[in-house]
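Structure first, then comments.
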Amino acid sequence: MADLSTLMPALVLGVCALAGYLLGSVPFGLVLVRLAGLGDVRGIGSGNIGATNVLRTGRKDLALATLVLDSGKGAIAALVASALASRIAGFEDAVLAGLLAGGMAVVGHNFPIWLGFKGGKGVATTLGTLLATAWPVGLAACATWLVVAALFRYSSLAALVCLALAPAYALVLATPAHAAVFALLALLAWIRHRANIARLLKGEESRIGAKKKAAP
């Protein structure tokens, strides 16, 4: 029979994964829009609960708050998990705990238990995880988003490109373990952006700052 010291790393990782998922499941965009008296954000624009769709309410402050809070879900989950695990399971397990908790926060954001597993696309939460677990990679990804967004004016394209490059950045700036986790998160983001990809290919995706044409 395995002793407690043998089981402890697995137990710690399990708790970190669950806590990360539950934190990620908190739908800050939905909560903020409702508190502002603007109804259900899922009935606006794309129906997404993230910052981009919150911006369609016309409230930049709510969109910014959503962006910060959604990013914070990944960052806080990763940092807290890593700090706690480092005291129990050792440094290597602490790194894995941070990656796992941050990754599960992204899963929670995309498939929140509180909303019937229908959530967002996880870009902000993923970037928060990158910044918390390997900040040089996170900064490189954020810089990539800014460059692509400035050049092409597509938020979705900027997100897809920056997350696709994150694993490559991690191989240079972090570790293969970081690269593997970031690759999985990038794949999840691409899957969640299927409709955006289709619109990009058709030239129908909305550009950043574009005004909708008034109905005749």
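Placed from the backbone N, Cα and C atoms, the Cβ positions cover glycine too.
The transmembrane segment annotation in Swiss-Prot covers 11-31 (among others).
Long-range contacts of the transmembrane segment (62-82) within its own chain (CB-CB distance under 8 A, at least 6 residues past either end) are made by residues 16, 19-20, 23-24, 26, 28-29, 32-33, 36, 38, 50-52, 54-55, 94-95, 97-102, 104-106, 108-109, 120, 124-133. Sequence annotations record features per position, and here Swiss-Prot assigns transmembrane segment to 62-82 (among others).
Only residues 6 or more beyond the boundaries of the transmembrane segment (95-115), in the same chain, are considered here, and those with a CB under 8 A from a CB of the stretch are 12-13, 16-27, 30, 49, 70, 73-75, 77-82, 84-85, 89, 121-122, 125-126, 128-129, 132-133, 175, 177-178, 181, 184-185, 188, 192. What Swiss-Prot lists as transmembrane segment is 95-115 (among others), and the listing cites sequence analysis.
Per Swiss-Prot, the feature transmembrane segment maps to 132-152 (among others). When Cβ-Cβ distances below 8 Å are used as the criterion, the transmembrane segment (132-152) is approached by residues 74-76, 78-79, 82, 95, 98-99, 102, 158-159, 161-163, 165-166, 169-170, 173-175, 178, 181-182, 208 of the same chain, each at least six residues removed from its ends.
The transmembrane segment annotation in Swiss-Prot covers 171-191 (among others), and the record cites sequence analysis as its basis.
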